[in-house]
Amino acid sequence: MFVLVMICLFCQYWGVLNELEEEDRGLLCYKCKKYHLGLCYGIMTSCVPNHRQTCAAENFYILTKKGQSMYHYSRLSCMTNCEDINFLSFERRTELICCKHSNYCNLPMGL
């Protein structure tokens with residue numbers, strides 16, 4: 001009878017215990033200074049975001065004379081106080097994409 005009660009108590013909290021274990025493991029992000037079309041020009045490593053950090057992908061574009069954006073390269077990292085935003089200057093555009101929904105979510109897709 002005691003074993004049955006213990007099993008019932010443990011089963012009640014099974015989902016909560018699993019969620020805590022996943023949080024303890026932490027999020028993993030790619031880290032690369034220059035990433036272009038599936039290759040890291042340098043060393044591809046991982047980083048674990050600290051407090052108030054998320055995975056980040058900074059995509060750099062060159063602006064053509066016609067005003068169109070042409071993809072140049074990306075920088076992958078863990079970034080503090082990251083927010084999705086676009087920066088535009090006369091010669092280039094920088095797109096900052098932040099994520100924390102899954103491990104290695106900062107890998108650019110379709111570039």
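Note that Cβ sites are derived from N, Cα and C of the backbone, with glycine treated the same way.
Listed in Swiss-Prot as the disulfide partner of Cys40, from the options Cys29, Cys32, is Cys32. Looking up Cys29 in Swiss-Prot gives a disulphide bond whose other cysteine, out of Cys8, Cys11, Cys55, is Cys55. The disulfide entry in Swiss-Prot for Cys78 points, among Cys47, Cys99, Cys105, to Cys47. When secondary structure is read from DSSP and collapsed to three states, Cys32 (disulfide bond) falls in the strand class. Note: the domain 'UPAR/Ly6' (27-108) comprises 0 helix, 48 strand, 34 coil (DSSP; helix = H, G, I, strand = E, B). Within the set of disulfide-bonded residues Cys32, Cys40, Cys82, the entry lying nearest in space to Cys55 (disulfide bond) is Cys82 (CA atoms).
The 10 Å shell around the Cβ of Cys78 (disulfide bond) contains 20 further Cβ atoms across the protein chains shown.
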